[in-house]
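**Student:** One structure coming up, written as structure tokens, with questions to follow.
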Amino acid sequence: MAVSTDTLQTLLRQRQELREALLDLRKEIETLDASSLDLVNRNIKNQSAGKTPAPMPDPALDRKAEIPLEPSAAPIRSGQELPREEPDPPEVAVEVESGEKASPERAAAEVNNAELDEPNEPDKPSKAVEAIEADKTGDGHGDLDSLIEKARGLSDYLLDHPSELSPAELGALDTAITKGAAATTPAEKDASYHTLQAAYRKISAESFATTGVNGTTLRDSAAGAPLLWTVPLSIIILTVIVFPLLLLARHLTGQMFTEEFAADLTWSIGVTAAFLWGVVGALTLLTLNIALAVRRRHFDGGVRTSPGLRGSLGGLIGAAFFMTLEIWVPMKDATAEFALNMTAFAGGILSAILFAGVQRGVSIVVAVFEPKSPKPTVSPASKK
């Protein structure tokens, strides 16, 4: 397991602090041992002289007011309370060993022996260090699980479909998948992730170059595209709800307003209907492309298809077709109006082709007038 420099410095600093704490503890033990030895010697001298050792005074009693111990000569009245005597502090009993006497050198030797008796176990990383290592390798190795899912899907696909990949490369991918799934420790997961990443990158690049299929497209195609039901739902709303409302508005316009104003409103409603038919055409083509990509397992959910932009461009092309053809085919009856609307629908379908051609033409014109960037020179040594 790789340990960073910050982790080593933290462990060394903790070890130094522990050593300093042990030294401070040793000094305190030596001080207490010396004070107890001094107390024992004084008690022995007092006993040999025939004196009773006086009890150790309590420091807390010095802060209180002194109370006279002798009885007062003044008479005690009936309502007067007697002064309370503070209890004497307990005598400090010091046990003296009959054998060896305590000494600072002996206490220090015992501490040293205790340190030597402890086995030298390797320093285990703390939970904070493990959390730092986990943050460096990823949030709970979620990337490893995702990579295993994509690699396993690609391996299953290549198992059922023939490819030009060598069996050694496919075997390396399967081995990396097995090791990644069996990894438990962070170090094993980190190593398995890099091994699986290298094997998957090689297989995925060759598979996508030949068939357009990789682990991402297989996973997203199996999950299904949300646009396969949202876009058709939008088309249904337009055809079932919006278009009948436009027909009703056109019918009421001829009865509610004057002839000239009603004609202008009718033409505006026709242009609006043509725009919506162009939107329907563009969204229909987009839905067909997504369905084909999912069927061929080429759908990538990370690619933004921009249905709103596609629909807007299709609506503009449909409205342009309507206004162009309405000059020669005026809206006199339902047949002419239906033909113009179908022309707008076809314009929405062809909007992708038209804008692709316009974009290519603009790129060619820009390339002609834009100064060419100098190509990097290649030295003969690099060619070799």
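Placed from the backbone N, Cα and C atoms, the Cβ positions cover glycine too.
Just so you know, TrEMBL annotations are computer predictions that nobody has curated.
Just lifted these from TrEMBL, have a look:
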| type | residues | note |
| --- | --- | --- |
| COILED | 8-35 | coiled coil |
| COMPBIAS | 98-108 | compositional bias 'Basic and acidic residues' |
| REGION | 44-126 | region 'Disordered' |
| TRANSMEM | 227-247 | transmembrane segment |
| TRANSMEM | 267-292 | transmembrane segment |
| TRANSMEM | 313-331 | transmembrane segment |
| TRANSMEM | 343-369 | transmembrane segment |
**Student:** Report the listed stretch (227-247, 313-331, 343-369) having the maximum count of Cβ pairs within less than 8 Å of the transmembrane segment (267-292).
**Tutor:** 313-331
**Student:** Over the coiled coil (8-35), what does the predicted model average in pLDDT?
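**Tutor:** Looking only at the coiled coil (8-35), pLDDT averages out to 90.
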**Student:** Where else in the chain does the transmembrane segment (343-369) make close Cβ contacts, counting only residues six or more beyond its ends and a cut-off under 8 Å?
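**Tutor:** Apart from its flanks, the transmembrane segment (343-369) reaches 273-275, 277-285, 310, 313-322, 325.
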